[in-house]
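Asks: The structure under discussion is supplied below as structure tokens; questions concerning it will follow.
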Amino acid sequence: MTLSINNLSVRIAHKDILHDLSIDFAAGKRTAIIGPNGAGKSTLLKTAAGLRTDYTGSVQLDAVDIRRLSRRDIARRLAILPQGATAPPDTTVQQLVDYGRFPYRSWFRASDAKADREAVEWAMAVTHTEQFAARQVQTLSGGERQRAFLAMALAQQPEILLLDEPTTYLDIAHQLEVMDIVAKINRDYGMTVIMVLHDINHALQYADEIAVLTGHHIAAQGRPQDILTVDMLAEVFHVKADVFVNSQGAAVLSPVGLVRD
Amino acid sequence: MKKMPAESDRLVKRRISLLVVFAVLACLGGIISIMKGSVPIPLAEIAAALLGDSAGTHQQILMNIRLPRTIVAAFVGINLSLSGAILQAIMKNPLADPHIIGISSGAGLAGIVIMLALPEHSWLIMPVAFAGAMGAAMLIYLLAWKNGIRPIRIILAGVAVSAFFGAGISAMMIFYSDRVHSALMWMVGGLSARSWPHVELLWPYTLAGLVLALVLARQLNILQLGDELARGLGLSVERTRLLATAVAALLAASAVSVVGLLGFVGLIVPHAARLLVGSDYRFLLPAAALLGAAVVMFSDTFARTAFAPVELPVGIIMAVLGAPFFLFLLRREL
């Protein structure tokens, strides 16, 4: 399934957030969207997921305009985990993950209980959340909570998964844990992953494709090693960085200071 | 599933047993409400009267006064509690209830106008109050509409509409200060002299409200996750919110048009239910309905009998019970 965006412009309160932006997201790949704060990364992700409707241009799922699809149809093919997702504090993890089956249920048609159960079981197994399935959301640590919400999105059995800064507020171990799960889902099940990332090194390590969002549009798109360079960091983020090669033989960018004009 | 459900099952069992407890409480409330009063009626006679093989004054009191009043109390409790529970989900605000949202004020003003300016047409009170509540709900919705509905705008619009209609109520009471007494009962909310015609007015709303609320339970659960997550899961957020607001308004309007501005039921009962059974609306709605019926029946029985021969309006009892509970919630949650 391909997701493509053409000539997208979004204005919020008379201000251009995105302007004439076009991008195709390759099916089966992990694409990281990076860019400075306020560049419109979350807006792009929400628009791509059909959460916003106040735009010009088009968002197409397999060449069909997303505005012609019902919310339920979209939710079966595409899942989004926004930043700072919350649930009533006494919701159990099991119940939360089960909410991911909502797009498959309706009050006038009995749902396929077996398919629902299997999807929930699978989502919890992939995210290692089964062992705390009965716990309430309010008792979870940040990392556990993020995995539980990730499991909910996976229970939708989408072909495309959109993640808005999935590692924010997590410690290093939990960041890697979440990123590893995302990589595994992509690798083992061919799910297309589109994620907004803050950490340039996560983008380097976990993405097949990088899109740089700045100045209201996609300024560059390509392979991580071609895009994530010292020059790009200086130009887009105004940050001076060094490059190291780590023990795994991978390049790592280390910011050393701001570029002063 | 395999391992974890042990605890999930326990949770479901706990919730179901609480529902049973609430159902028993509601039945008890009904029986006590029928037994107690200026003329106590023993349980055996109630059974006989209900089966139709008894006659006399007790049977008259039972069938014409106590039973319909008790049923009205139960229906009003159910309607206000469901209305509050639904509003709390769609506003994502624990303080939402038909009073605070301003739906009641529309019914209040409409009712007062009839009561004071056209007292000879008192039969108009119910339909006009109902129209007033629905009108207020629609007005609030229109005022709050600006590229969609935000809960905070509904609440603020409700406060403004409430204040506006409140001014109308005060003005009416000053213009007709000689007739204020009859309006007082209405302002506080009471069940005095409520009988079969009121039952007939209420039951369709209670039944439809219960059915619609239970149909909406899954959507309300999803709505509690916030607009973004709910949309992402495929919920038509605006449509669900509009439909649920209409159901809540109908429930509140029917209750207010029968008993007047009975406060706190729609606020405290859903909260108490939420504290006990949790925020899953599939359990919360039936729990709120049962608990609401029980609370209003018990409170009305107390209001009728505690200070006999003076009969207090049940609204006073609700406020005396409700205000401290409200403060308790405030300390606990905010």
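Just so it is clear, glycine is given a Cβ too, placed from its N, Cα and C backbone atoms.
Quick paste from TrEMBL:
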type	residues	note
TRANSMEM	B:16-35	transmembrane segment
TRANSMEM	B:71-91	transmembrane segment
TRANSMEM	B:100-118	transmembrane segment
TRANSMEM	B:124-143	transmembrane segment
TRANSMEM	B:155-176	transmembrane segment
TRANSMEM	B:242-269	transmembrane segment
TRANSMEM	B:281-298	transmembrane segment
TRANSMEM	B:310-330	transmembrane segment
Asks: Are the transmembrane segment (B:242-269) and the transmembrane segment (B:16-35) close, by which I mean at least 3 Cβ pairs under 8 Å that are 6+ residues apart in sequence?
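Replies: They are not in contact.
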Asks: Do we see three or more Cβ pairs under 8 Å linking the transmembrane segment (B:155-176) and the transmembrane segment (B:100-118), pairs being at least 6 apart in sequence?
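Replies: Contact between the transmembrane segment (B:155-176) and the transmembrane segment (B:100-118): present.
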Asks: Under a criterion of three or more Cβ pairs within a distance under 8 Å and sequence separation of at least 6, are the transmembrane segment (B:71-91) and the transmembrane segment (B:281-298) in contact?
Replies: yes
Asks: Among B:16-35, B:124-143, B:281-298, B:310-330, point out the range having the most Cβ pairs under 8 angstroms from the transmembrane segment (B:100-118).
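Replies: Checked against B:16-35, B:124-143, B:281-298, B:310-330; highest Cβ contact count belongs to B:124-143.
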Asks: Mind checking which residues of the chain, 6+ beyond the ends of the transmembrane segment (B:310-330), have their Cβ under 8 Å from one of its Cβ atoms?
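Replies: Distal contacts: 73, 94, 185, 188-192, 259-265, 267-268, 271-272, 296, 299-300, 302-304.
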Asks: Mind checking which residues reach the transmembrane segment (B:281-298)? Cβ under 8 Å, same chain, six or more beyond either end.
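Replies: Contacts of the transmembrane segment (B:281-298) (Cβ under 8 Å, skipping residues fewer than 6 from its ends): 15-16, 18-19, 22-23, 25-26, 28-30, 32-33, 70, 73-82, 84-86, 89, 210, 213-214, 216-218, 220-221, 224, 262, 265, 268-270, 272-274, 314, 318.
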